[in-house]
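Here's the structure we're looking at; comments come further down.
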Protein chains: 2
Amino acid sequence: MSLEQQPVKEHRRTRQRAAVDEVLEETEDFISAQDLHAILRSRGMSVGLATVYRTLQTLADNGDVDVLHTAGGEAAYRRCAREGHHHHLVCRSCKATVEVAGPAVERWTSSVAKEHGYTDVAHTLEIFGTCPRCAQG
Amino acid sequence: MSLEQQPVKEHRRTRQRAAVDEVLEETEDFISAQDLHAILRSRGMSVGLATVYRTLQTLADNGDVDVLHTAGGEAAYRRCAREGHHHHLVCRSCKATVEVAGPAVERWTSSVAKEHGYTDVAHTLEIFGTCPRCAQG
DNA sequence: CCCAATTTTGACAATCGTTGTCAGTTTTCA
DNA sequence: TGAAAACTGACAACGATTGTCAAAATTGGG
Ligand SMILES: [Zn+2]
Ligand SMILES: [Zn+2]
Ligand SMILES: [Zn+2]
Ligand SMILES: [Zn+2]
């Protein structure tokens, strides 16, 4: 067995990371690296695109933000309120997100996996739909 | 029986499509467009990469094959035995796939969506793990 | 069988999100 | 304060996928 410690990669406090953090903090919905970078630029904050990518990647690795892969194949990030494992109900058009927990689903996935002898199990689950606001207004 | 109008985009029978179909038919696990193309080439069957992409895309659109987005961000395709809506338990290393149905999950996702007023709901759910064979040998 | 309309093909360029490079900059801490 | 260590950013590189468009193949008549 290999006991893996959490990879605390974020050691140093830099203005770039603070900037990314700030945007994440005030952004309610999932946002892509590119979009976050655009926001920073529009605010006159100069942060390299690569740095934005790296920072988000690290935050995701450390579990500080959730990652979602959109239909278009791009990664979107979000700092969620809920702490433990959970999933998302996301509006296809405006990205409005609801955090949802489904203990039954978690149990089901592990039982299915175990049933077939699969180990080291993980799963991805996202629910997409049209939110009430976008549905009609 | 329910009459569902299928977008029959595949009109013509060409050797290229037959070739792609053949590989899909004999391939048990999910396979990417690139890998399928490589197999065709290795067999001396000349089929353009773009054609492989287009063919798989069309098959997926018509619901003839299932699509899976791997961790590496590439699409993988599979002709499944099960007909209705279902999910997959996939081995991370060898791609060995088990088709699974989870009526409870389906119910849960729609109830959660309805609960928050979301409509036109869909969901993605994939279970990843290490299959028994890869686990030890 | 032959043809013209229509669809499909494939080599190649182009796009797009993302990662690698690496010299110069910043942070940390002894 | 003085490095060692981590971080940054401009830019190149990358890999998967899509767009282009002339040439080739399929189809349904005639
Ligand atoms: Zn979340
Ligand atoms: Zn919405
Ligand atoms: Zn399937
Ligand atoms: Zn396996």
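Just so it is clear, glycine is given a Cβ too, placed from its N, Cα and C backbone atoms.
All annotation found in TrEMBL is predicted automatically rather than curated by experts.
Going by what TrEMBL states, the Fe cation site holds A:H85, A:H123, and the candidate of A:E28, A:E99, A:E106 recorded there is A:E106. Apart from A:H85, A:E106, A:H123, the Fe cation site neighbourhood in this chain, defined by C-beta within 8 angstroms of the site C-beta centre, holds A:H87, A:G102, A:V105, A:T109, A:S110, A:A122, A:L125. Across the structure, A:H85 (Fe cation binding site) and A:C91 (Zn(2+) binding site) are spaced 20 Å apart at their Cα atoms.
Checking the binding-site residues A:H85, A:C94, A:E106, A:C134 against chain B with a Cβ-Cβ cut-off under 8 Å leaves no residue at all.
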